[in-house]
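Undergrad: Input: one structure, supplied below.
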């Protein structure tokens, strides 16, 4: 048994609101020095292009080459990685990719238009981005699943070119990441990373084309750089630490639930795992499982710190109250480990992904269920969505007035424009009124 | 005739690329002092709530009241404004609102789910935001149309509560803005503004509830505050100066085109108006119209500065090249003042809104065509979309594995998780494999 204290809360305690707020509090204040350093790197890449990219790659990744072109990995190299990895990994990646592609194809949006009684055409034209950049971390946090989850929606959306950047510090390459890039259909790969890679994708250099949007996870330098270039290009969300919230009716094997909580906790020390149940004895049982299983875990140290600092077992009066608490958390991952998860769905208002029923381990969603594993963290599920095909498409409004429509609506626009004191607007509309003269 | 020089470019000139880049260049660098001031205000509002809101409202709007509750305008007051404005304005607002509502209803997204062969359920659940905040500028730039364009999509999306903030410096109230709020169905109105209003909506105070997303235009303080609270709440885009790009085949009345260009230029000195045509004589004719009409304009000074500093007349070889140049600009507003605009549509890749044909003045779109007038500026149409119902809804992924599905996909997840060194993930999936033991 492990010596580990996990926070215990009860929704009926008088200070529950503030205890919950304290549990969820997460300091994402920006480090001033990181900011300065990132701004410097971005400025250099913006003004000196390839030269700056080479210098920073030599400095940070200890990789010395004569030109950025030498840092590009061609498709043959990707295919070679795909052949080189163990067959069970290749098959698993291909099966995962197929399910991810199948799910995301259902997110594809179509253009539409209609004509009103005056013959006026209105509509919405959907177009994919011309070019997307995908950041993939190198080193210890190299996740091939992340390549699939970021690249496939872009390809399904019809993005013209997907450009991946992945640092290879000291020349160390992750074969499974390259294999995933081959399977996902990534168009070009550059082995660069950090803020310099974000800068190169945002501003473009002689060798690296500028993109319209940059997606994918990264360390604090990458996240800060993405925040800085936002506006020049689009970005996906800036992710906080990963979280899971499990609601259980107390009838799932406690070991299963303990392991589900571990699967978040093992990501990093700041990850958050919360279990909510109306069954106090079940919370005890899961706590016992946690203590028994923890010493058997490969990443026990990370899990222990995460569980001690940020986990909680919360008792509620019923499943309805469990849903209420969950809505206040707006978790990234929500497991409904209950008899009838469909019945609970209506009460769930905010969650990145909802895992329904005892068999639906969150880990399945991370890899191969089909839906994306890039999800809103830190309560941002209140207003944002999983990464999807819609993140790689944009809409243009279509407006085509007939002469009749322009006459009729020109009068309305004229009144409103004059009401706002914008007379050029008014006169522009009035020209299109029959016999109109401004 | 006016003494005014408008830039003339030709797509065939050797330095066209750099000339175009220079024309479009827009410095949106953040003012350090504004930043500091905004951070101070946000910190005060976050920590001292209502008291800080009262102090800043007294300081900036010269409005002294005893409690924030006194700054709330109830629905009766809105209805009173609706009765008090001239009838033609009321009717015009109502007609505009109806068309805007009708168009946006077509953007409503539906939840969906499906079952695969293993009995595994996958889907996407769409829910509206609980609460949205709408910033409306007070004083000279008070636009009732902006209230309709921001509030109606939120209401159509099903947002539970739309809270509007609008400063009333020195107690000056804009009746048409309040009337628009009544028509759009805004739920609550507080007469506060500036960074303090953004802070109140983001963090909440005793009197003002926190919202999930803040939308709407504002000055540099408001824009900076929105950028700062992004992450705590969602925000819409940070708008740059307004732009129009007109492509003409040379057969539209030059006065109409001149007035269309003016309708952007009158917004502010930084607004940008660009005309592209293969017909050089037509560019001359429009220039003559501009010079003749300018002295007749109410906002001639603003228009003159905007046209002198940021406008351009660009000659191209044909309409195909016009579309290419337009795609590089990715304009907020694009007018296709040509014989067959539908035929050009396919070549247009990036634009906030596309106005098709000679009768479709951009001004009609600003007020009452139906589509939103909140559009991506400064080339961000390459990767972003008009404000829409989708901005007030978010998606949750649904995953429900059957026992059979968990068994089959658990094996795939296990291989991938072990490949990534995440063994808690692997074991969590393995528990759900038949006879599985971790």
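Cβ coordinates are placed from backbone N, Cα and C, and glycine is handled just like the others.
When I checked TrEMBL for this same protein, it listed these features:
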- B:135, B:196, B:219: NAD(+) binding site (BINDING)
- B:242, B:264, B:267, B:333, B:366, B:420, B:425: substrate binding site (BINDING)
- B:264, B:267, B:366, B:425: Zn(2+) binding site (BINDING)
- B:332: active site, proton acceptor (ACT_SITE)
- B:333: active site, proton acceptor (ACT_SITE)
Undergrad: Near chain A by Cβ (under 8 Å): which of the recorded positions B:196, B:219, B:242, B:332, B:366, B:420?
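TA: Qualifying residues, whose Cβ lies under 8 Å from chain A: B:366, B:420.
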Undergrad: Ranking the binding-site residues B:267, B:333, B:425 by other Cβ atoms within 10 Å, which is at the bottom?
TA: B:267
Undergrad: Identify, among the recorded positions B:332, B:366, B:420, the residue whose Cβ has the fewest other Cβ atoms within 10 Å in this structure.
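TA: Ranked by other Cβ atoms within 10 Å, the recorded positions B:332, B:366, B:420 bottom out at B:420.
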Undergrad: Using DSSP with the three-state reduction, classify residue B:333 (substrate binding site) as helix, strand or coil.
TA: strand
Undergrad: Looking only at DSSP and grouping its letters into three states, which state does residue B:135 (NAD(+) binding site) belong to?
TA: strand
Undergrad: Could you measure between residue B:425 (substrate binding site) and residue B:332 (active site, proton acceptor) for me? Cα positions, answer in whole angstrom.
TA: 46
Undergrad: Counting every protein chain present, what is the number of Cβ atoms, excluding its own, within 10 Å of the Cβ of residue B:135 (NAD(+) binding site)?
TA: 27
Undergrad: Name the one residue among B:135, B:196, B:219, B:332 whose Cα is closest in three-dimensional space to that of residue B:264 (substrate binding site); these are the recorded positions.
TA: B:332
Undergrad: What's the most sparsely packed of the binding-site residues B:219, B:264, counting other C-beta atoms within 10 A?
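TA: So among B:219, B:264, the binding-site residues given, the one with the fewest Cβ atoms within 10 Å is B:219.
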Undergrad: In sequence order, which residues at least six apart in the same chain have a CB under 8 Å from the CB of residue B:196 (NAD(+) binding site)?
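TA: Listed in sequence order: B:41, B:44, B:45, B:52, B:53, B:56, B:57, B:60.
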Undergrad: Please report the Cα separation of residue B:332 (active site, proton acceptor) and residue B:242 (substrate binding site) in Å, rounded to an integer.
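TA: Distance between the two Cα atoms comes out at 7 Å.
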Undergrad: What is the biggest Cα to Cα gap, in Å, among B:135, B:196, B:219, the residues listed as binding NAD(+)?
TA: 13
